[in-house]
Amino acid sequence: MSLQAIIEAAFERRAEITPKTVDAETRAAIEEVIEGLDSGKYRVAEKIDGEWVTHQWLKKAVLLSFRINDNQIIDGAETKYYDKVALKFADYTEERFAQEGFRVVPSATVRKGAYISKNCVLMPSYVNIGAYVGEGTMVDTWATVGSSRQIGKNVHLSGGVGIGGVLEPLQANPTIIGDNCFIGARSEVVEGVIVEDGCVISMGVFIGQSTRIYDRETGEIHYGRVPAGSVVVSGSLPSKCGKYSLYCAVIVKKVDAKTLGKVGINELLRTIEE
């Protein structure tokens, strides 16, 4: 069989593939693809006759590579830090990582006192002391979870997202992201704002305590809270005098958990009626 055919066939039975059960031919094919991607021999997408073409079989090989390898210690760049707070993983062994059940990509930094739940994935990101990251959550590249911030289960914090946090003043409430939320790239949620369960925040949305969160269906304006199931984009509202507009976050639709589970995030954001 061709390399592509081996990958396609393996992907159809991917649920059966583990590091212990994968056959030699399949492992070799997957590793050949990964090496090819690493060297530039293969590209997941390339321009052919002026059109971008995606090679889905290469993506399948990447997904399969997660099935055939166990987690292992990966040494990062050697450096030194000078701080009062230790790093969470400073004394972790391979057994400890395996027991706790999350993945940590090189350059991700977590300070001692932050909690990372099972099945989380930390891309090169920063999680500060006192933060809680719920089960199954992805903290994507350059995302920041501030001190004492609470992130729910099955959340995706996209690239460059900031969940702001400060330890003082003591009376300030932490920013909270509920379960099953998606926070789009480069968005910021700060100042103790609560994003309730099942919300989808588009990229580039900034929400603090003074941000008006406008529900276009009801005309209601929220402060400091995004209601459950909201799909939110950035927008603006006119001033009372009508001479200018000021930034706001706009709730463009509501979705329930069933819809959120069936419909892709991109589809929710692209099917917005103006």
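The chain as shown is numbered from 1 upward.
Yeah, the Cβs are placed from backbone N, Cα and C, and that goes for glycine too.
According to Swiss-Prot, the substrate binding site annotation covers ARG103, ASP140, on the basis of sequence analysis. Look at ASP140 (substrate binding site): DSSP puts it in coil.
Secondary structure from DSSP puts ARG103 (substrate binding site) in a beta strand. In sequence order, MET123, SER125, HIS156, LEU157, SER158, GLY159, VAL161, ALA185 are the residues near ASP140 (substrate binding site), counting only same-chain partners six or more apart with C-beta under 8 A.
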